[in-house]
Each structure stands twice: as C-alpha cells, then as structure tokens.
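K.L.:
Here you go, one structure.
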Amino acid sequence: MASLCSNSSTTSLKTPFTSLGSTPKPCQLFLHGKRNKAFKVSCKVTNTNGNQDETNSVDRRNVLLGLGGLYGVANAIPLAASAAPTPPPDLSSCSIARIDENQVVSYSCCAPKPDDMEKVPYYKFPSMTKLRVRQPAHEADEEYIAKYNCAVTKMKDLDKTQPDNPIGFKQQANIHCAYCNGGYSIDGKVLQVHNSWLFFPFHRWYLYFYERILGSLIDDPTFGLPFWNWDHPKGMRFPPMFDVPGTALYDERRGDQIHNGNGIDLGYFGDQVETTQLQLMTNNLTLMYRQLVTNSPCPLMSLVDLTLFGSTVEDAGTVENIPHSPVHIWVGTRRGSVLPVGKISNGEDMGNFYSAGLDPLFYCHHSNVDRMWNEWKATGGKRTDIQNKDWLNSEFFFYDENGNPFKVRVRDCLDTKKMGYDYHATATPWRNFKPKTKASAGKVNTGSIPPESQVFPLAKLDKAISFSINRPASSRTQQEKNAQEEVLTFNAIKYDNRDYIRFDVFLNVDNNVNANELDKAEFAGSYTSLPHVHRVGDPKHTATATLRLAITELLEDIGLEDEDTIAVTLVPKKGDISIGGVEIKLAIVKLVCVVNLLTLQLNKDRFCYDSVFVCWFVCLFFNFHV
C-alpha cells in the first residue's frame, strides 16, 4: 500500500482553490374517503384560533397525497416552499452549523467561497471511454483495497498541507455538515436535504464528485467507490476493509456493535434485538421488501418525498427512513457514551449528520443508498422518476476534482450511466421476499379492542397499543385495487428532533405481538427519525410528521379484504412519541399528466392553493394532457 501511494505527492497538487476566498409521467395520488364525500373549494382556511390564514396550515390530505409521498406533508406548507425550485446555497451567508439548539459545531463547515458566485458555471459531464463500476465492498480484493486506502490517504494529507483545498477530506466531510445541520439558509429558511425530496439527488451528486476526486488523486479515472451491500445476506456485516486500525479507511468513532462479525440490523435504533442471526437476516430482507416494494408503488409513495423547501413538516421517503437511518445509527457511537477524546457522544461519527462524512464508511453506505434508487426503478410498475419541474430544476453547489466550483441540477443526475458510472450486477433476494407466515390464525376480534376514536389523539406511545379502525371500502375488485391504493395514515406524529425515533405498525395482531420477528404478513412498516436540525430557533425541538402505509397487499395476504373493520397495533421501539390521529383513505394511483401549476402566477404576490388543487383535480378526472 505504501509503495503504491509513494509515486506522487499530494503537496504538488495544483488546483484553482488558491484563488478562492474563505421519462414516463409520474403517478399522482389523490386521497378519497367515502366515495360520496363532497369536495369543497376555498382559498381561505380557518385555523384553531378562528383566524383566516391564506398561506399556512393548509391541510390537503383529502385532495393530494402526491404532495406528501409515503412520508409526506401533513400540513403547513409555507407559500415560499411551493413556488420555485430550491436554489443553490449562498456561500456568503453560510453560518455556524448546529448539533442541536444548544450545541454548535466547534469548527466551520462552510465551503471555500468562489470570488463571484454569479459566475459559477453549470457542470457539464466530461467525455468518457469507460464506465466507472462500483463493486460490493465485501468482494473487494487486496489490490482494490490498497488503491482505495491510498486515495483516501492522499485526500487526508491535504487536510494538513492545504486545509482550505475543497477536495481535502475534511472539506468534503463539511459538505454534509453544512447542508444538513443548518449551515445554509435561503430567505430565512434552513436548507435541509434530509426529510425532503432533495435527499437522493443531493447525495448522488455528492458521491459523484467525491468519487472523481479519489480517482484523480491516484490518477485512475476508472476508480469507483465500493458499496456496502447491506441488502444482501453476504453483505450484512461491517465491511472488513474499514475496520483495520492505522489505515485511512478506519475511524475510531464507531460503535462496539460493528465488530466480531455481528450482523447489521437494518431497523436498528440504539438497542440490540434479542434474536438469532438468522432471524435478524430475515428481518432485514423483510424490511427491504416492505420499503422498496410494498410501500413504494410509485415515486410519490417511495424514494422521493415531496416535502418542499421551507416546509415545517419533517418527513422522509421509504429508503431514507429504513434502512438509511438505522445503518447510520448502527455504525456510530452510542449517544451519551464517552468518545476517545473524553467528550460525550452525540452519535459521532455516523450517527449524527454533522460528523457522518468524517467516517470513510459514510460514502460506502451512501453508495448503496444511491444504488437503491436504481434498484427501485428496476422493480418496474409505476416506479419512475417524477417529472415535477421544481424538483428537476433544484440546484446544489460542489467543487470538482480540480477544485473548480460548479452548480448542478437534479435533472442531470437521474441516469447514473450518463453520469459515467454503474453498479456491479448483484442479486437482490429482498425483491421476492414477501412475508407469507401469519402471526395470527384468524381475524382478531375487533370488538374486543377500542376503536381509534377512543385511542387518538394519543398523548404518549409508551407501550404496545391496539385499536380497531373502519375501512372506506371492502370486497374491492382487482380493477378497483389497481386504480386505488388503500393507505393507512397516521397524522400529527410529534417527537423531539434531538432523539432517535422508531415505532412499528402491525395489522390483525394484538398488543402481545412479537415485534422482534418482522417476517410476518401482518407487519406493515415502521416510522423512524435521526437527530437533526430542521428549524433553527425552535426551543421545543418538536418535529411533526405523517406516516402513510400502503396496505392493499397486506390485506390480501392476511385475508381481510372483505372486512369492514380491521385491527391495528403500534409497538414503540425508541423515543417519546405522540400521535394526533389515524385514518384509512383510498389513493388513486394513475399515470396522468403533470401540469407545472406551481409556476402559474395566479397572483404575483402569492398563490391561491385551492385554485391550484382544482386544476390538478381537473387534470386527473378529465385526463387532460399537455
């Protein structure tokens, strides 16, 4: 390894940093309760204080599930959040990043600022003769591992010799810190790339440049990042190449659970599951199936949440929710433990957004997260990228391998092959891992448990709780199921955004369910959240979210299609949680036109939400195309 790295010196690198200052239409989902329910239109909304509010707290759950995705906007979509694409951050306004409201990051996460941001060009892909191929980390040979260590070593050397060089290791790690912990604000609103539709494209661009930087440092334009293949049984352990002390890929700020060949728990939230390694692997495959198949039938119920910039609701798409977040927590140190330097852990490195990029494993983990975007689309059906212009035209700012600044757009990162890389073909056993075993022999007696009206609002989910809930329709035909997805929705989920959060949802079981065995047909899904900064200046640290679970397939598998009432059980796993309410709706799943209504200036000062929603409504039912 040493000889491989000794061929050139990082101190002789010449980059422009020295001149720096400090496809198919998507499916739209419309919610319906009883089919005879009237549709009312009004541009005025009365809030709980009796005041008229034209821009805030506009609850459109009964109109447009497409504005929420599977984990979506429950309410309070600020006007500024829906009027335009997210612009690249203004580096001149970059501020101190925060671990939470009471702790600031002890160093600046701000990127070096170009002399003139207005002159920063848009990135154009360089010509290529060969695709970079990302391979599974557990299959990497010694030659590749040596090359990878060499590249990261050279990147870390820049931290010492040229600390302001944007291609240095710490500068690259700071990108995640600034974008994810309150470093950037636009018009007074924190720019947060997590819990929003920016999650996948931001991280794809981030890894794209990181990978090219590594390749340039070792003069290998074909170098590809490895991906941690945690979705396959052979990859469900910590990649050995990252656990060798003294190497560039090692990080001492990791949890003890990663060692000794322990299998990863893709639903991990701070506590080890008391079960066998075989059951853990089975749970992992079940979670993968639920997240990428059952609960993600189309783009706005899947990978891409449509939580817009500036929204006060914090929600994630299915893959960001699980397995992305649990993997972060499983690798990081336990919160409250003592770090090697004597400080109290906030989950560093991987378990907190501000420090995650300091662990080389972060990029290997997110390489597989990025791969999931491709695998999800390859599953077929209505799983295609959305074509909303506000998403496609959202922008980020990065430096390339030569230290040159560029702006990039979401629309240019939808095809990895056009970006110059691809993934080594790997089996995906989770794709056909549909749980078939039932936890219950028959239907739970819904008359023996309280109805949802007697349970919600739920002040604290501190123990397993069961309730019954009425369905909007039963005994539906296959044609009706194809047209409308049945969605179980939990509204106004509230929790402290400084904590790890998780609860699981089961159908047709009572509160004695074994929640450590997820490979059951009754397991519907989970809600999770990582500690993060979403709104600076919130002393209560209260996050509000919505969880939506697609249950049509589950009801078929359990044999409850003809039932008017079903039983639901919630099992808390981590954190203090309250839930405002629950309901079951029917969501129309149909390929329709996408009119870029948010760009129509109905009023130059503000938009009338209801006029916009009426247009979407007409677009669906009159099959209007542009």
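For all residues, glycine too, the Cβ spot is worked out from N, Cα and C.
What you are looking at is a predicted structure, and each value in this text was computed from that prediction instead of being measured.
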K.L.:
Per Swiss-Prot, which of C43, C177, C180 is disulfide-bonded to C109?
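P.N.:
That record, Swiss-Prot, gives the partner as C177.
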K.L.:
Go through the recorded positions C109, H328, H366 and tell me which ones have a CA within 10 A of the CA of H176 (Cu cation A binding site).
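P.N.:
For H176 (Cu cation A binding site), the recorded positions whose Cα atoms are within 10 Å come to C109.
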K.L.:
Around the Cu cation B site recorded as H324, H328, H366, what other same-chain residues have a C-beta within 8 angstroms of the site's C-beta center?
P.N.:
E320, S325, V327, A356, F362, H365, V369
K.L.:
Going by C-alpha positions, which of the recorded positions (C94, C110, H324, H328) is nearest H203 (Cu cation A binding site)?
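P.N.:
For H203 (Cu cation A binding site), the closest Cα among C94, C110, H324, H328 is found at H324.
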K.L.:
So of all those recorded positions, C94, C109, C110, C177, H194, which one's Cα sits nearest to H366 (Cu cation B binding site)?
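P.N.:
Result: the closest of the recorded positions to H366 (Cu cation B binding site) is H194.
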K.L.:
What is the separation, in Å, between the Cα atoms of H324 (Cu cation B binding site) and H194 (Cu cation A binding site)?
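P.N.:
Each residue's Cα considered, H324 (Cu cation B binding site) and H194 (Cu cation A binding site) end up 11 Å apart.
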K.L.:
List, in sequence order, the residues of the same chain other than H176, H194, H203 whose Cβ lies within 8 Å of the centroid of the Cβ atoms of the recorded Cu cation A site.
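P.N.:
The surrounding set, listed in chain order, is Y179, C180, V193, F199, F202, Y206, F353, A356, H366.
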K.L.:
Take the C-alpha atoms of C94 (disulfide bond) and C109 (disulfide bond) and report the distance between them in angstrom, rounded.
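P.N.:
Approximately 8 Å lies between the Cα of C94 (disulfide bond) and that of C109 (disulfide bond).
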K.L.:
My understanding is the cutoff is Cβ-Cβ under 8 Å with a sequence separation of 6 or more in the same chain; which residues meet that for C177 (disulfide bond)?
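P.N.:
When sequence neighbours closer than 6 are ignored, C177 (disulfide bond) has A97, V105, C109, G183, F353, Y354, S355, G357 within Cβ distance under 8 Å.
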K.L.:
Between H194 (Cu cation A binding site) and H328 (Cu cation B binding site), find the distance joining the two CA atoms and give it rounded to the nearest Å.
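P.N.:
Just about 13 Å between their Cα atoms.
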